[in-house]
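Over in TrEMBL, the protein carries these features:
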type	residues	note
TRANSMEM	38-58	transmembrane segment
TRANSMEM	64-84	transmembrane segment
TRANSMEM	132-153	transmembrane segment
TRANSMEM	179-199	transmembrane segment
TRANSMEM	229-248	transmembrane segment
TRANSMEM	268-285	transmembrane segment
TRANSMEM	297-315	transmembrane segment
TRANSMEM	331-354	transmembrane segment
TRANSMEM	366-387	transmembrane segment
Amino acid sequence: ERAVSAANPRPGRGLVWNSWGPIQNSARLAFGFSGWDIALLVFWGPIGFVPCFFFMWLMDKKGLRVTVLLTSSLMVLGAGLRCVPVSDLEIRKKLIHGGQLLNGLAGPTVMNAAPFLSTTWFSPDERATATAIASLLSYLGAAGAFLVGPLVVPSPNGTSHLLLVSESTTEHIKDRIEAVLYAEFGMVSLIFSAALAYFPSRPPFPPSVAAASQRLSYRRSFCRLLSNFRFLMIALAYAIPLGVFSGWSGVLDLILTPVHVSQVDAGWIGFWSIVGGCVVGIAMARFADFIRGMLKFILLLLLSGATLASTWFTLTCLNRVTHLPLTTATLYTSCILLGIFLNSSVPIFFELFVETVYPAPEGITCGVVTFLSNVFMGVLLFFLTFYHTGKKYELLCKYKSP
């Protein structure tokens with residue numbers, strides 16, 4: 001109960017961050033967003049990690065309450081900016097981008113607080129489970145966006161090419177999107193109110209020796225992390241697949257539209273891949289609590305499964321070369337399995353990081369690896385931004401040519 005309570009900003013941040021990817025076709029029609037805009041709306045998430053180490057310092061020095069209240073207030077302000085009723089579409093788009101940036105600034109605390117929380121509040125035989133619950137709650141928020149967005153917001157006719165539709169249909173889609181934005185603002189405000197009402201920084205008595213022990217200074221922690229070859233290798237093993245997959249999931253509808261996957265189907269794929277990952281991740285963490293020394297073995301199993309699932313998805317999409325059947329069932333299965341294997345590895349990685357570099361503070365340890373993960377996510381989204389801009393220019397030139 002304490003893990004869920006102390007991590008309560010997490011679902012709201014994931015929900016707001018993933019608002020636009022699952023309904024990108026509808027958002028293009030209602031607000032005039034381009035493919036560049038959609039990718040940038042997701043890109044504000046990794047950009048928000050630029051001040052990552054300030055938030056980690058704040059968490060270690062001032063405690064969870066101050067950091068979480070600051071994070072929650074940024075989320076409320078960001079969600080509120082997206083709801084400002086401005087008739088000028090250009091101003092409205094700028095407000096939406098500003099809101100996504102403020103929500104992105106909440107990312108460092110949301111993504112890195114789980115190991116700090118589990119060490120502060122839980123005994124060693126509960127820590128992996130607490131880390132799993134806390135770290136995966138943000139993913140449930142993103143899963144909610146995959147489900148709610150496409151079900152509430154209708155997709156335009158001719159999703160693949162955004163064919164012209166009537167003005168009444170456009171207004172209806174815009175009204176539905178605004179209803180979703182208002183609902184998300186209400187949820188984030190409720191989370192902030194709950195944190196403001198009751199959110200202790202730490203328990204009255206430390207639950208373990210690790211919770212009461214003195215940690216290394218920031219300078220010594222950085223030196224320890226950067227000189228630890230084993231930690232750096234594990235960090236890359238986490239950052240590359242998880243960073244790329246997070247960016248890929250955020251624009252899943254944009255990626256699957258060319259293969260004629262509907263907005264609703266893409267939403268269901270994203271939803272089940274995250275929910276499955278959360279369930280398996282908590283189960284694996286509970287297993288790790290009962291049987292010590294199994295973290296590396298569990299990660300090898302999960303990453304091997306992710307490799308097979310991603311290979312299957314890639315070969316299926318290259319069906320002109322491989323002649324493998326490209327069906328809704330194969331897309332659903334390969335994408336969901338990929339999400340389950342990768343998302344469930346997050347809490348196991350976090351526990352392994354903390355064990356590898358103890359007594360470095362949990363905040364700075366996870367801050368380094370999540371910052372690195374967001375760098376790889378940013379690289380992917382940066383590539384997708386210019387890829388879609390280039391495709392749009394290519395189609396425009398082809399249309400104008402005699």
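Using N, Cα and C of the backbone, Cβ positions are placed for all residues, glycine too.
A contact links the transmembrane segment (132-153) to the transmembrane segment (331-354), because at least 3 Cβ pairs that are 6 or more residues apart lie under 8 A.
Only sequence-distant pairs (6 or more apart) were considered; of these, fewer than three Cβ pairs between the transmembrane segment (179-199) and the transmembrane segment (229-248) are under 8 A, so the stretches are not in contact. The transmembrane segment (268-285) shares more Cβ pairs under 8 Å with 331-354 than with any other stretch in the list 64-84, 229-248, 331-354, 366-387. If you count C-beta pairs under 8 angstroms between the transmembrane segment (366-387) and each of 38-58, 64-84, 229-248, 297-315, 331-354, the highest count goes to 229-248. Sequence-distant contacts of the transmembrane segment (229-248) (same chain, six or more residues past either end, CB-CB distance under 8 Å): 42, 46, 255, 299, 303, 306, 338-339, 342, 345-346, 349, 352-353, 356-357, 368-369, 372-378, 380-381, 384. Among residues of the same chain six or more beyond the transmembrane segment (297-315), those with a C-beta under 8 A of the stretch's C-beta atoms are 237, 241, 284, 287-288, 322, 324, 330-331, 334-335, 337-338, 340-342, 344-345, 348-349, 352. Below 8 angstroms of C-beta separation, residues 17-21, 24, 27-28, 66-67, 70-71, 96-97, 100-101, 103-109, 112, 218, 247, 250-251, 254, 361, 363-364, 366-367, 370-371, 374-375, 377-378, 381-382, 384-385, 388 of the same chain, each at least six residues beyond the ends of the transmembrane segment (38-58), sit close to that stretch. Within the chain carrying the transmembrane segment (64-84), a Cβ under 8 angstroms from the stretch's Cβ atoms is held by residues 6, 8-9, 12-13, 16, 19, 55, 58, 92, 95-96, 98-103, 105-106, 109-110, 113, 116-117, 120, 178, 181-182, 184-185, 188-189, 191-192, 195-196, 199-202, all 6 or more beyond its ends.
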